[in-house]
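Peer 1: This structure is in structure tokens; I'll ask about it shortly.
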Amino acid sequence: MAKTELPPPSAGQAGSTAGATADGMTRAQRRVAARETRLPKNQPITRLREVDLLRFIAAAAVMLFHYTARLNPAWGADVTPASVFPQLSQFTRYGFLGVELFFLISGFVILMTAWGRKVGEFTIARFTRLFPAYVFAVIFTTIIVTAFSRIGNDPGPLQILTNMTLLQEPLGIASVDGVYWSLLVELKFYFLMACLVAFGVTYRRVVSFMGLWLIATVALQAAATQGQNIAFLDFFLFPRWSPYFIAGMAFYLIHKFGSNLVLWIMVFVTWIITLSTVTKEAAGAERIVGVPVNPVTMYAGITAIYLVMALVAVGGLRWMSWRRLTTLGILTYPLYLLHEWIGWVIIDRLHADFTPWQTLGITVASMIALAWLVAHFIEAPLSKTVRNALNRSLQQMRAEGR
């Protein structure tokens, strides 16, 4: 049996002799060791329904941001969404922070799914989670906007094919739908995690990985303030977004092993880093919503998503165990992929005949219904088919390599 690696003692445990056993381990450490030893290597992961709810809230926030705050042509020429929804947009103009929440959740969940897996298994699992639904979304969105859009976005064959690789941004080609940029960030995080999985995921290795990545993030952001950008490292380490992933990983370690001062310090440092960029990000947000974006509200929003993930980490939201939350979690990815341009096309077709609130309600309901259909009848069977095919290929390559 492989030796179980233990987390280092927390600040409260360090130096404590009263809680230590004869072999020098504290009782808390022995409980962790016993729990880890009892778990089978590929034990099914317990679904955290509170995380499903948070993912749906993040997707809904981004969707409402795109419909009621972000500048778009759907509500009519020279009509801004903020002028259509003056009260609602006071809140939804900050809906882009849903992406930051997604990145925090991703750091948490991807580390959870990587634990105990080999690099091939991890890669197949992430590929089949990301790409089948994404490729369908590219094709379906292209069909809808080509057939029904009166407000632009007419993707050509090269743009469509390049989008299917998720490499359109580094190749200088426009995305079919604006939300795709965040999937490239996720893909780069998967690559970094695959490198970690190749060495074997253990507590100490994860903490070391997080520490090195955090140091690199600080260094790259500091260099950027001096006008020095290292393009290769900026691309693969994405210092603008990495603090959220690092914090999410720290939250998962706290969830799995218990609180540790080093982990909370990492969370605190990443939080400070994210706050330090708020003024610049607020200015950027103002350009795409056309109305003032208050940095203080952004400070509060970022702090709130950190606090809610801290509650997840320490079990403070465990009472949210309603089964229907799983359904919301399943809807999240297709809803995020499909909502922007298809939603704008629906709004453009409806707003002349319905009130703004009716138009918004019909559009949101339509997108949730579409997400449900895609999740159940496209994403699930397609992902399963691709996963099974890749697993067979992996087994064949392993057999041929013996």
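Quick reminder: no glycine exception, Cβ is built from N, Cα and C everywhere.
Okay, so TrEMBL annotates it like this:
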- 1-36: region 'Disordered' (REGION)
- 1-10: compositional bias 'Pro residues' (COMPBIAS)
- 11-22: compositional bias 'Low complexity' (COMPBIAS)
- 50-375: domain 'Acyltransferase 3' (DOMAIN)
- 53-71: transmembrane segment (TRANSMEM)
- 91-115: transmembrane segment (TRANSMEM)
- 127-148: transmembrane segment (TRANSMEM)
- 179-199: transmembrane segment (TRANSMEM)
- 206-224: transmembrane segment (TRANSMEM)
- 230-254: transmembrane segment (TRANSMEM)
- 261-278: transmembrane segment (TRANSMEM)
- 298-320: transmembrane segment (TRANSMEM)
- 327-347: transmembrane segment (TRANSMEM)
- 359-378: transmembrane segment (TRANSMEM)
Peer 1: Are the transmembrane segment (53-71) and the transmembrane segment (206-224) close, by which I mean at least 3 Cβ pairs under 8 Å that are 6+ residues apart in sequence?
Peer 2: no
Peer 1: Check the transmembrane segment (261-278) against each of 206-224, 230-254, 298-320, 327-347 and return whichever range has the most CB pairs under 8 Å.
Peer 2: 230-254
Peer 1: When only pairs 6 or more apart in sequence are counted, do the transmembrane segment (127-148) and the transmembrane segment (91-115) reach 3 or more Cβ pairs under 8 Å?
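Peer 2: Contact between the transmembrane segment (91-115) and the transmembrane segment (127-148): absent, because fewer than 3 Cβ pairs are under 8 Å.
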Peer 1: Flag the pair the transmembrane segment (230-254) / the transmembrane segment (327-347) as in contact if three or more Cβ pairs fall under 8 Å (sequence separation 6 or more).
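Peer 2: Between the transmembrane segment (230-254) and the transmembrane segment (327-347), contact is absent.
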Peer 1: For the transmembrane segment (327-347), which recorded stretch in the set 91-115, 179-199, 206-224, 298-320 gives the largest number of Cβ pairs separated by under 8 Å?
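Peer 2: It is 179-199 that shares the most Cβ pairs under 8 Å with the transmembrane segment (327-347).
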Peer 1: Which whole-number mean pLDDT does the model give the domain 'Acyltransferase 3' (50-375)?
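Peer 2: Averaging the confidence scores along the domain 'Acyltransferase 3' (50-375) gives 97.
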Peer 1: Using a Cβ cut-off of under 8 Å, list the residues of the same chain at least 6 residues beyond the transmembrane segment (206-224) that approach it.
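Peer 2: Result: 111, 192, 196, 230, 233-234, 237, 239-240, 242-243, 246, 249-250, 253, 262-263, 266, 269-270, 273, 276-277.
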Peer 1: Would you kindly list the residues that approach the transmembrane segment (298-320) from elsewhere in its chain, counting only those six or more residues past its ends and only Cβ-Cβ distances under 8 Å?
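Peer 2: Distal contacts: 48-51, 53-54, 94, 97, 100-101, 104-105, 108, 247-248, 251-252, 254-255, 259, 267, 271, 274-275, 278, 281-282, 285.
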